[in-house]
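**Student:** Here it is, the structure, as structure tokens.
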């Protein structure tokens, strides 16, 4: 999602009060200190924990207290490092730590699913909470998580739909964008009346069935917009391989050329309040897709506050921008093709922070002092 970026509460929140030291210390204790020791071994992992704390602050504290100011992740990180005793010694390095963390996130493997309807004429796309780009539901892998398991989890979080019974591990399309591997499993035959609704907060603004022929690039030179005007930064690179897959795997449900299926919005944050809105996508929606929006930083899509603390990741994903063909490679995997080697293990967490050491004894001392107090 995932890429999709969650948006802060700034559009609705007009508070100007910074979080108190008590609140910051509570968040630090809950999300950074009270975790397994292995998750405190590098700043990459620590920053992922800080990111969880950030989204808890935005989704709960800011929502419940209109006086609190909505912050960017970098602003929150700086405040937390200055407030937390065990993080304060590293404040002078905060810019380098945050820069390396953002770069590291762009190398974490991403998986998701290309969901096709029963006729294979339409695919399901999701749009981020803020911005107008569309993508297939997907997100970053957690530590030691298998590709297919990540895809199932991310699709469930972004759409509320469980693809575990339909996903075939050998059917996927894979690209490598610069240093980031992106694998999307092809999940075909999903019925139109399937109910979709994201489980995450402030991550997805719309879920829609889009016609594949409307997603085709407007020209060979422009792959970021479809013929209908939709922004397709995260979609266009997969369309050619998807078309080839469909030719080899005809749909069991006959198409009706005289009555083509329409694009269909199945969930919209503006019209769905705890429910599921359904509406046909009108031309006016397409016009809105053409509006240029400022690209969000890759640091803004953590994703759902994971119940399992991820060391590798959490939902943005690919950098939004024109994807040039010489920067990508693609693989369509089936029974008779050779599996792609996963180089993600070559990325050693903490490697970019080799000069920094997280002092575990200081953490334990701080916890003991807190308990005795």
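Just so you know, glycine gets a Cβ as well, placed from its N, Cα and C.
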**Student:** When Swiss-Prot marks a stretch as motif 'Nudix box', which of 73-94, 95-116, 117-138, 139-160 is it?
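**Tutor:** Checked against Swiss-Prot: motif 'Nudix box' maps to 139-160.
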**Student:** DSSP helix, strand and coil counts for the domain 'Nudix hydrolase' (106-234)?
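**Tutor:** The counts are 16 helix, 50 strand, 63 coil.
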